[in-house]
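Annotated features, as they stand in TrEMBL:
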- B:33-51: transmembrane segment (TRANSMEM)
- B:71-95: transmembrane segment (TRANSMEM)
- B:116-137: transmembrane segment (TRANSMEM)
- B:172-193: transmembrane segment (TRANSMEM)
- B:200-223: transmembrane segment (TRANSMEM)
- B:235-253: transmembrane segment (TRANSMEM)
- B:260-281: transmembrane segment (TRANSMEM)
Amino acid sequence: MNNKNKVGLGNMVRSEAQRVFKRKRTWAVLIVYMAFALLECVFLTMMNTSFYDPRRSVALDSLNTAPFLLRELAILMNFVVIPMLAADSFGGDVSSGALRTVLIRPVSRAKLFGVKWLVLGLTVGGLTLFTWAVGTAFARIAMPAVEETTLMGAGRLDSSGALGFTLGFYMLAFCVFSALIGIGGVVSRVLPNPVLAYVGILAVIVGGLYVSDRLSFLLSVSDSLFRFLGGIPGSDASLAWMLCAMLAGCAIIGTWSWQRRDWTQ
Amino acid sequence: MSLLVNENIEGVRFARVLEAEWRRLWKRRPVRLMALTAPAASLVSAKYLLSQNALLDPALPEYATAGNVPVLALAEMLVTAFSGMMLVLAGLTVTEEYRGGQLRMGMLRAVSLTRIMAAKWLACLSFVLIQLALYFLSSVVIGRFGFPNPASYPLFYEAGTVSYAQGIFYDLAYYGLAALALAVLLTVFFWIATIGRSSTAALGTGIGFLLLSYAAPTLLNYFRPLLDAGVYMRMYFLSLLMIEWEGLAATLANLHGLAVWNFGVLAGYAILFGGMTAWAWKRRDSFE
Amino acid sequence: MEKIQQRPIEIPQASHPLAEVGNVTKKVRKRILLKDVSFAVEQGEICGLLGPNGAGKTTLIRVMTGLIRPDSGDILIGGRSVVREREAAVANVGAIVESPIFFPYMTGRENLDNLALLHPNLPDRKARKRRIEEVLEVVRMDKRADEKVKTYSLGMKQRLGIAQALLGDPQLLILDEPANGLDPMGIRELRELILKLKTEFGKTILVSSHLLDELQKICDRIVVIREGEQVFSGSREEMIGSSGSLEDAFVEMMTR
């Protein structure tokens with residue numbers, strides 16, 4: 001088959017995006033998340049303090065506040081937003097049988113898996129960007145104004161340095177979220193029923209703790225990211241490697257199983 | 001004779017409905033697989049408790065010994081494994097069946113939705129309580145053979161020192177309270193599963209409830225200096241999750257007179273959510 | 001509908017049937033779902049796949065549409081192997097598998113629009129829009145296309161199912177139990193639609209059913225399977241053979 005006879009990636013993405021965003025609950029969960037992001041801002045102004053991890057507190061100011069929004073919001077993301085979106089997208093459409101109408105079309109199933117991951121990644125990426133933007137803007141408006149700040153691992157930072165740090169922090173957080181979406185894809189292939197897929201994803205997050213401390217970053221996203229970026233020795237020092245392994249593992253298992261396994265639903 | 005006639009008019013006996021629901025529950029493969037949760041989870045938490053023991057002073061109540069392993073292991077798993085199990089049960093049996101239209105078959109058989117739901121609640125609760133019993137048995141066995149067994153050990157919240165035999169009675173009381181708390185949480189999940197438009201939305205809301213139950217007391221912690229200790233503890237244990245996590249031991253120790261309070265909170269949740277669930281199904285019975 | 005008729009129909013060389021099922025076997029654990037099934041469907045004919053419930057009809061259709069892989073054997077569609085070059089092979093196939101299930105949160109038209117994005121021969125928006133209107137008209141669903149699928153009756157879902165199968169203008173249509181859940185009027189309309197797809201649009205159609213008289217009125221060829229094994233493949237006349245009637249022949253095959 002030459003390229004002319006292949007379905008363009010753009011059309012596949014549009015098709016998947018339509019399916020994701022025609023579901024009312026997708027919008028519901030996005031709106032709930034954004035509302036909590038705004039509430040979190042109010043919470044941080046009241047507290048003026050947050051934590052790198054349970055042992056290290058930090059005074060918040062106009063430059064260093066943005067990453068600390070994720071301390072609470074990442075839990076909402078990993079326990080509600082991502083499991084819901086992933087269970088619906090990778091599991092729900094499969095177990096209802098509706099995805100059959102897609103699977104019988106002349107498109108690569110490995111690509112279908114990749115496109116699902118991509119569309120959810122873009123959605124969650126949008127939320128991550130939103131959180132960063134709201135956090136940054138809000139801190140500059142409402143938190144004590146400073147010229148310089150300190151962030152663990154980065155030392156003293158000026159305005160642009162702090163902006164760079166927070167961007168890097170959020171990009172890493174996005175990688176953690178993407179890995180969890182990939183895990184959702186793999187879990188849903190084993191348990192396509194959305195109820196089981198949802199709880200299966202949670203079981204991976206919580207069960208990971210009992211397997212190894214190195215997997216704790218799925219639960220304590222921001223603490224782990226701070227410890228990793230701060231160069232603190234311990235279980236989170238290997239975070240980048242674990243993330244890469246997780247992303248690669250899910251990509252390989254996901255594409256392989258979508259390409260090769262029987263579709264009996 | 002007249003009684004029999006009445007019974008036929010009323011429809012199928014509740015015990016029959018319950019039996020049917022139990023069979024349907026047990027027929028599901030995921031539910032059968034889930035039956036392995038209790039033994040597996042007790043092994044996992046025993047492994048964790050052993051690793052924690054290495055870091056703890058043996059004089060502390062948190063130090064795991066043969067007698068308190070069942071309690072420590074349950075505190076570990078009650079809010080995670082057992083909550084997860086109940087979310088699965090509520091999502092599968094209530095939201096999926098109702099929204100997927102499978103319940104229509106039941107309605108044709110002259111059994112009201114309210115009775116079906118009551119039967120489902122009891123069937124799910126039975127499953128969870130059997131799991132709780134299994135968890136108790138396996139952690140007693142693991143505790144006896146895998147952990148130190150001192151002549152006596154301290155209970156939580158300075159509730160005294162007990163021998164192994166006395167400790168087992170304490171454990172049983174703790175599990176009894178846990179069973180009550182689980183029944184109440186299952187009621188909450190049933191309400192969420194009742195109003196959920198889809199199973200994932202129901203699960204998301206259920207997890208959201210648990211997260212809020214965790215976040216609210218944590219937030220309260222910031223205001224602790226402003227509050228009287230007794231008031232603080234009462235507000236803290238307004239959260240169902242905190243009752244499950246720390247409140248069961250506090251109830252047994254009757255810390256700050258919390259025993260009555262915690263029972264009251266449990267009853268409040270049960271009446272509120274049980275009432276709302278029953279009302280929702282009664283409405284569906286009369287309008288659909 | 002002229003546009004569809006004007007499209008040149010690629011007729012494979014005379015010696016090649018449009019679809020060839022060759023020695024297909026499928027096992028799940030120890031259970032044999034399909035055992036050595038072989039038959040061919042010629043260009044332009046309607047082939048009936050007949051068998052009692054649970055005979056393996058849907059499994060065969062899943063294998064033919066590439067949803068599951070056979071343990072051995074192959075299916076060629078337009079000379080392309082479904083096992084080795086699935087995308088090329090199924091580009092020529094439109095299908096309803098098991099039952100017409102759609103994304104319930106979208107309208108009929110939105111479902112078609114969503115699926116049309118996945119056809120290489122409908123590259124731009126205009127082509128897709130035109131094609132969607134065409135297929136909606138063929139199945140006479142244009143009036144209710146903007147309602148949510150969850151409000152549709154089973155008959156409407158079946159018709160929308162045929163519409164989505166027609167989207168890519170495939171040569172081969174595979175319809176799994178399309179008469180399921182239809183009332184007598186609906187069954188008659190369906191029969192007329194299938195005949196129209198054959199005569200007016202030159203489609204080749206494989207239709208499965210457990211209902212005998214439904215098939216005998218429209219099929220040129222009949223394949224009968226029982227417990228995963230093919231017990232007959234041939235023309236309708238051959239099947240009637242010495243038994244006198246199709247029903248007698250079928251009963252004889254099932255009880256043999």
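Cβ from N, Cα, C; glycine included.
These numbers come from a predicted model, not from an experiment.
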TODO: Counting only CB pairs under 8 A, let me know which of B:116-137, B:172-193, B:200-223, B:235-253, B:260-281 has the most with the transmembrane segment (B:33-51).
DONE: B:116-137
Open item on the list: Cβ under 8 Å, sequence separation of at least 6 from the ends of the transmembrane segment (B:71-95): give me the contacting residues as numbers and ranges.
Closed with: 21, 24-25, 28, 30-31, 34, 37, 41-42, 45-46, 48-49, 62, 64, 117, 120, 123-124, 127-128, 131-132, 135-136, 139, 142-143, 156, 170-171, 174-175, 178, 181-182, 185-186, 189-190, 192-194, 196, 198-199, 202-203, 206-207, 210, 241, 244-246, 248-249
Open item on the list: So, taking each listed stretch (B:116-137, B:200-223, B:235-253) in turn and counting its Cβ pairs to the transmembrane segment (B:260-281) that are under 8 angstroms, which one gives the highest count?
Closed with: B:235-253
Task: Residues of the parent chain within Cβ reach of the transmembrane segment (B:235-253), under 8 Å, 6 or more residues beyond its termini - done: 71, 75, 78-79, 155-159, 170, 173-174, 177-178, 181-182, 184-185, 188, 210, 213-214, 216-217, 220, 227, 259, 261-263, 265-266, 269
